[in-house]
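Taking it in order: structure first as structure tokens, then the write-up.
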Amino acid sequence: MKDGTSRNIWGSILFYLFIAVFVLVAMFPLLWVFKMSIVTRAELYASPPTILPQTFTTDSYATIFADATFQRALLNSTVIAGTTTVICLFLGSIAAYAIARLRFRFSSLFLTLILAIAFFPPVAIIAPLFLMWSAVNLNDTYWAMIIPNTVFSLPLTIWLLVAFFKELPKDLEEAAKVDGATTIQAFRKVIVPLAAPGVFTTAILTFIFAWNEFLFANTFSFTERTMPVTVAIPNFATVYTVNYGAQAAAAVVVTIPLVILVLFFQRRIVSGLTAGAVKG
Amino acid sequence: MTQAQARGRQSQPEGPRRELPKKSRREGLRGIIKEEFGNPERRAAYYLVVPALLVIVLVAFYPIAYSVYLSFQRVLPNQPGEFVGVQNYVSMVADPSFREGFYNTVIFTVVSVSLEFFIGLAIALAINRAFRGRGLVRAAILVPWAFPTVISAAMWRLMFQDQVGIVNYVANTLGIISQPILTDQTLTLIAAILVDVWKTTPFMALLLLAGLQVIPGDVYEAARVDGANAVQRFLLITLPLLKPAILVALLFRTLDAYRVYDLFWVMSDRQLESLSTYVYKAVRVSQLNFPIGNAAAVFVFFSAFAIAIFFIKVLGMKTSTEG
């Protein structure tokens, strides 16, 4: 390390250049599509394309928000992803508590069965589920999507919650039990409040997972009545054939809530997502 | 997730047995039931786990079994089936669309996961240190990951599009392409791979970075003292110690890429075939193909299973933290 300082400076410059390129590439589509959504149609079709927006209009957003299909799709997505999250958190937190905290014979077998779903290709069950839903008239209802979404989100939910529950101090619960609380009470009154931050992170990730789901939605939703945004937006390519601004605006509207959630809770999300890799 | 799953899988045959004395095993089923349900804490554990398990068995395992059963029948929605043996599988393999979907899926999986791995590893190695702006990098990693795949596909389709698409414009100006990207199958497949690399490389980097961060620094110190150069340190220390994280990330991404659906469906406007789009079309688009599509679904399930087994058994994915 003879001329360490000048080497360090060049190293740092290169490093930050690399970081800048990386961040730019990762963010580019969002920024570019955002730009497409706010410029006039004339600028959109300009050749060569402009790099920075030269014009500004909210026409594309006006178009998209006046669209009844889009409004309905936003509502459908919220209901489907919200219900999935609630059910997953309920089923997941009680199961994760048992796995993390209680000793019983088939604990690892249960965990294996549940987590095996993470390796399951969802497409493998759409054919039989389609027949099953036809038999009980569930096709084209919210439940036709909520139920499979729940099953495929559960491994993530349980995995995260088991990790969170294991980190909680065990003494408190035991103290509660000494004071005469049952296992269920100890869970409700002690574990749930303590685990709230972890449960909240899990809820966000489960919600994103369910909000982004496409295969089940595309299979089990037939009409605009139940269609979530992930199904509605690709269809805009045919509805708004040449209105690329409107298509861009729709993509931005659907993504912005997720981007905000992610930016706000990034630290927690990263530690939740990498829990498995680190501990292995 | 994968680790614990693998861990559970491995300890399943020996784990529970080890805990219990031999005697209780000889008592048989009745003894087990008595032991497990006699104790209130254990009983509570079962009550807590059973709802989740029930949902999973009913909505995932049962349909798979049903699907396998149906794959030997000529069945159409709302009609009774008849047993046809392996006829559905024979028709499936003979169907050019299926073969096209299979090839596209394999090419897509191999190329995109390889690219994601090498670029992701490079990024992880580069950012594995303390520096200003970590938050920004973390955001850049998470934003593409959090995008719904269909929406990122729709966004990129707008950018690849021949009238207003920036990528198409640049590629055209540079003379790389002679026709609009999305009108050509091969170019569309390449475009889909690029979009997948964009979307999931950061996540791959995140998983690998987590693996890198648990390698203790003094190992490198010791190697440096012993005179190992940077290449040696990377090949002899980083790679072996990172192997568990690498295998988990690769298995996770491979199975994810193998089920590609959203990306192809939206980017190519339903033209580009993958295994998943093939199954989907049989279920929703032309139900005359239902039995063959169902057979393809069974094929997807068992081939994905084989990939997981390959990672765990052949590549020696670390299946247990206990050792």
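Cβ coordinates come from backbone N, Cα and C, glycine included.
Annotations in TrEMBL come from automatic prediction, not curation.
What TrEMBL lists as region 'Disordered' is B:1-24.
Per TrEMBL, the feature compositional bias 'Polar residues' maps to B:1-13.
Summarising the annotation, TrEMBL assigns compositional bias 'Basic and acidic residues' to B:15-24.
Annotation source TrEMBL lists transmembrane segment at B:44-65 (among others). Long-range neighbours of the transmembrane segment (B:44-65) within the same chain, counting only residues 6 or more positions beyond its ends whose Cβ lies under 8 Å from a Cβ of the stretch, are 36-37, 301.
Remote same-chain partners of the transmembrane segment (B:102-127), defined as residues 6 or more beyond its termini with a Cβ less than 8 Å from a stretch Cβ, comprise 134, 137, 189, 192-193, 196-197, 200-209, 211-212, 238, 246, 249-250, 253-254, 257-258, 260, 264, 272-276. The transmembrane segment feature in TrEMBL is assigned to B:102-127 (among others).
According to TrEMBL, the feature domain 'ABC transmembrane type-1' maps to B:102-311.
Residues annotated as transmembrane segment in TrEMBL: B:139-159 (among others).
With a cut-off of 8 Å between Cβ atoms, the residues of this chain six or more beyond the transmembrane segment (B:234-255) that come close are 1-3, 109, 113, 116-117, 120-121, 125, 200, 204, 207-208, 210-212, 215, 219-220, 223, 228, 304, 307-308, 311, 315-318. Marked as transmembrane segment by TrEMBL: B:234-255 (among others).
Note on the transmembrane segment (B:292-312): residues 6, 9, 64, 67-68, 70-71, 75, 88-89, 91-92, 95, 98, 101, 247, 250-251, 254-255, 258-259, 275-276, 278-283, 319 of its chain, located 6 or more positions outside it, place their CB under 8 angstroms from a CB of the stretch. The annotation transmembrane segment is assigned in TrEMBL to B:292-312 (among others).
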